[in-house]
Amino acid sequence: MTAILERRESESLWGRFCNWITSTENRLYIGWFGVLMIPTLLTATSVFIIAFIAAPPVDIDGIREPVSGSLLYGNNIISGAIIPTSAAIGLHFYPIWEAASVDEWLYNGGPYELIVLHFLLGVACYMGREWELSFRLGMRPWIAVAYSAPVAAATAVFLIYPIGQGSFSDGMPLGISGTFNFMIVFQAEHNILMHPFHMLGVAGVFGGSLFSAMHGSLVTSSLIRETTENESANAGYRFGQEEETYNIVAAHGYFGRLIFQYASFNNSRSLHFFLAAWPVVGIWFTALGISTMAFNLNGFNFNQSVVDSQGRVINTWADIINRANLGMEVMHERNAHNFPLDLAGVEVPSTNG
């Protein structure tokens, strides 16, 4: 009898825990995805802060020339970064217990792998938590779908690209100048500016900014005034009010006359779907482009493709980009190799006389 009572009590305790985890009455919703999200993001954030301040130099290229990335080793906020895991480690899973000592783990850039893997797991769980909360509240699932765009982008640069290139040392450093260095080297090696998926991403980001500004300014300019001229129009809104807060007909009429009639949405739901879908689809394509370039399916190459009737090259913008790419490739990892791959692999032309 005692055993039965204890089992009921334990089940009741577990039931209360489940109800608390999945309750939408909490100030912050936890959810089952949150059970994994909270420790992984806390771990990634804590290690990032500590490593950004105090991590010793990392042998990123695997050639016994460590690179400093932390504040205590001479960097500032702009130049500081979490240096990627050493090329000597490659794609190996490298937790602390795999190293002979903590010093060796730090020298080989172990914190980068720890931060990135916990971060990716955490943001994926954050996306799942968005879906879970939407489900509990009876909402549609599109918030999580929209968030999948930045999740895909982060996964592409921190995981898919290193897998394709064969080493976590090719992942994006966790810092401001490190991000720019990653972008420049990516252009040099993959010609990303000439990749159509990157172009779609640029259109998505800049177009999304433009459409967001257009929508916000149109709505703000067509508010239905509920206040006097001496009060702010914003003071006329009551949270949860049933009435429309702006006149979509007026906004439609303005924009239709500014551009042309069919450039303006007359359906608020279609408008907001478009505002969400445009940047999300663009960033999806960019993440897909990064993931294909990870395996060296690079951007378009039109180098020296225009020649005259005598076979002489007519330089185009593509040739200018090619020369810039070679310059950038020569400069990066300058101690790891003497020549960029496309220079080293070309046979020297023979000369007569």
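Cβ coordinates are placed from backbone N, Cα and C, and glycine is handled just like the others.
When Swiss-Prot is compared with the stretches 87-108, 197-218, the one noted as transmembrane segment is 197-218. Look at the Cβ of each of the recorded positions His190, His272 and count the other Cβ atoms within 10 Å; the largest number goes with His190. The secondary structure of His198 (chlorophyll a PD1 binding site), as reduced to three states from DSSP, is helical. Straight-line distance linking the Cα atoms of His272 (Fe cation binding site) and His198 (chlorophyll a PD1 binding site), rounded to a whole number, equals 24 Å.
Within the set of binding-site residues (His118, His198, His215), the lowest number of other Cβ atoms found within 10 Å of a Cβ is recorded at His215.
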